[in-house]
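Written below as structure tokens is the structure these notes are about.
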Amino acid sequence: LLSQFDPENTGYISTEKFRSLLQRHGSELDPHKLEVLLALADSNSEGRICYQDFVNLMSNKRSNSFRQAILQGNRRLCSKALLEETGLSLSQRLIRHVAYETLPREIDRKWYYDSYTCCPPPWFMITITLVAFFLYNGVVLDRFVLQVSHPLYLKNALVYHPQLRAQAWRYLTYIFMHAGIEHLGLNVVLQLLVGVPLEMVHGAARISFVYVAGVVAGSLAVSVADMRAPVVGSSGGVYALVSAHLANIVMNWSGMKCQFKLLRMAVALICMSFEFGRAVWLRFHPSAYPPCPHPSFMAHLGGVMVGITLGVIILRNYEQRLQDQTLWWIFLSIYVIFVLFAIFWNIFAYSLLDLKLPPPP
């Protein structure tokens, strides 16, 4: 159809011809896609539209040039907001709710609502939660959680322990052990309530990167700043996701249209503060197995730092190429430098400082 407007086969047509094409055939298009096409035409300063952008849009793909045109343009939307639409099914209302919970721009919300197919589902957060809650605690240990006073608390191959820091997998696997039912419960609730919607919008690759980066930063922060303490729990990854989400809401406060956003932020901050305060209290509480202290709280802080740096960039740039973001490379470089510093710290600092570490479990 576009070929008649591009007889020279240049791959472009003028925005005037493009608008006339939309007016003629607009009734055949999905209303959300029609709005995005109109926004694309209005935002294009070169006076022409790329045919491939049109193809990408109709096939639910967003090229980089298309994204730039939308972001730099007026984003004029000609019909009512997605929130005002009626007659939606339960699944459609859920998807709309997720869009308004996580995305600050109406055009992105409509794009997400129109293109989301739940394929693949948010498998990463669900899987990591099921493994943490059921597979290890329920099946292997025959109990759902271990209190810090339990004799098997440190005697397993998952907990990070300063004497066993050469076993590199412990910097990740400590997330499958928790110090008490309240520790596990809060992490699971935050992980599901925040992580699953974020994964539905941003995909498993981005969310798993933020989560794992928070987990690694958490254990490395403990090995640098609290060198004698073990660490357990998924707080590093959970706090990375939650802090990134909260920071994204604050940075885009006027654009976030989710209901009760102030109340939701307050509840999340109260839960995080309660869990962090509990972790601090437990760290300095007399240990049930001296001389080994209780788990460190530094993993929480490591996760927060990842969330407000790498996490914010990932959540802010919905469906945009992170490779093109200068700030992304700056924060990624800082993170890599920290990881390398912590690795060398673990190799040399313990012996140079002549620390008296607790005996291995």
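Every residue gets a Cβ built from N, Cα and C, even glycine.
Small disclaimer: the values here were computed from a predicted structure and weren't measured.
The feature transmembrane segment, as given by TrEMBL for the ranges 171-190, 231-250, sits at 231-250. Set side by side, the active-site residues Ser235, His300 differ in how many other CB atoms lie within 10 angstroms of their CB, and the most is found at Ser235.
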